[in-house]
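Student: Have a look at this one before I ask anything.
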Amino acid sequence: MSFIGEFISLAVAVLWTVAALTCEVSSKRVGVAVTNVWRMLLGLVLSMILCYIFMGSALPRYADLQTWAWLLSSGAVGFVVGDMCLLNSYMSIGSRYGQLFMTTAPIFSALSAWVLMGQRMTFMSIMAMIVTLLGIAISVLGRGEGKKRISLDLPLKGVLFGLGAGIGQGVGYVLSVIGLHHYTSIVPKAYLDRFSLGLPFSANIIRLVAGLLLFTVILVFKGKGGGFRRSCLDAKSMFYIVLAVLTGPVIGVGLSLMASQYTVAGVASTIMATTPIMILLPTYFLFHQPITLKSLLGAVISVLGVAMFFI
């Protein structure tokens, strides 16, 4: 029995763990705005190279106006809103907790799929949302002092950024699925098998265009152009940024779209959602963040909540 899709999904989880760690380091060195522009710029270049290898063109072939509209919207929501909130959460609460909040992405995917695609919300989906949120609550809530029975163990700003990241990624994913399905439907049938590996990267180019344009506007608006120029001379920061690009918006995202072509989407999404568990050990060794029973239990329960979406 072939498990190609499952192995691809596991590889994506590992890649996203590396991407989270390297993004946290680079964001703290050069800032969120600079890191995001570099991620989009390098990601776009590398995606165009991969698209040329698999499809014979560095630009999206056969993509019509509707394809561009859906995928540009996906890039604006997923990369700009989602990634901006995610990297800011890394700055505030670290990549370990930032990735934990990313388990809320399927919640917002389910809600947006209900609105945009007419998909039915089942009782199990609602229970999955509750279990996921319970896991997060176990990790981030503690015993309060005085009259407060419970208290938030993390900065509120970081928690809000984490939730914003989940919303951006969840809604952005649904928009990308709609766009990719339409894109696939307009490619001539004679070329579908030939271009099957390249279509996810071609679609990702369109998403990255939206991300690059909007992040550049944000960079200029915030007056961070000088920081961007200085980052070019910071070899260590550039190493982390390049590694984050390779493991995140290029290979990671491309493989995540590819995984759904080889296995059931629910299985792929569940395996890819194990990043909050995988990241515990690296953050212990790299950032000396202790692994407590509460943090481990919360991460496991959150991932189980994600799995329940697809039962």
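The backbone N, Cα and C atoms fix where each Cβ goes, glycine too.
Sharing the record's features from TrEMBL:
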DOMAIN    4-140  domain 'EamA'
TRANSMEM  6-25  transmembrane segment
TRANSMEM  37-55  transmembrane segment
TRANSMEM  67-87  transmembrane segment
TRANSMEM  99-117  transmembrane segment
TRANSMEM  123-142  transmembrane segment
TRANSMEM  154-181  transmembrane segment
DOMAIN    170-310  domain 'EamA'
TRANSMEM  201-221  transmembrane segment
TRANSMEM  237-258  transmembrane segment
TRANSMEM  264-286  transmembrane segment
TRANSMEM  293-310  transmembrane segment
Student: Given pairs 6 or more apart, does the transmembrane segment (99-117) have at least three Cβ pairs under 8 Å with the transmembrane segment (201-221)?
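Tutor: When sequence-distant Cβ pairs are counted, the transmembrane segment (201-221) does not touch the transmembrane segment (99-117), since fewer than 3 lie under 8 Å.
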Student: Residue list, the transmembrane segment (123-142) vs rest of chain: Cβ under 8 Å, 6 or more residues beyond ends.
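Tutor: Beyond its ends, the transmembrane segment (123-142) has Cβ neighbours at 97, 100-101, 103-104, 106-107, 110, 150-154, 159, 294-295, 297-309, 311.
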Student: Which of 37-55, 154-181, 201-221, 237-258, 264-286 has the most Cβ pairs closer than 8 Å to the transmembrane segment (293-310)?
Tutor: 264-286
Student: Per DSSP, what is the residue count of the domain 'EamA' (4-140) in each of helix, strand and coil?
Tutor: 121 helix, 0 strand, 16 coil
Student: With DSSP, how much of the domain 'EamA' (170-310) is helix, how much strand and how much coil, in residues?
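Tutor: Residue counts for the domain 'EamA' (170-310) by secondary structure: 115 helix, 0 strand, 26 coil.
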Student: For the transmembrane segment (201-221), what are the same-chain contacts with Cβ under 8 Å, counting residues 6+ beyond its ends?
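Tutor: Here the qualifying positions are 33-34, 36-37, 39-41, 43-44, 47-48, 50-51, 54-55, 59-61, 63, 67-68, 71-76, 78-80, 83-84, 176, 179-180, 183, 195, 228, 249-250, 253-254, 257.
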Student: Can you check how the pLDDT averages out over the domain 'EamA' (170-310)?
Tutor: 87
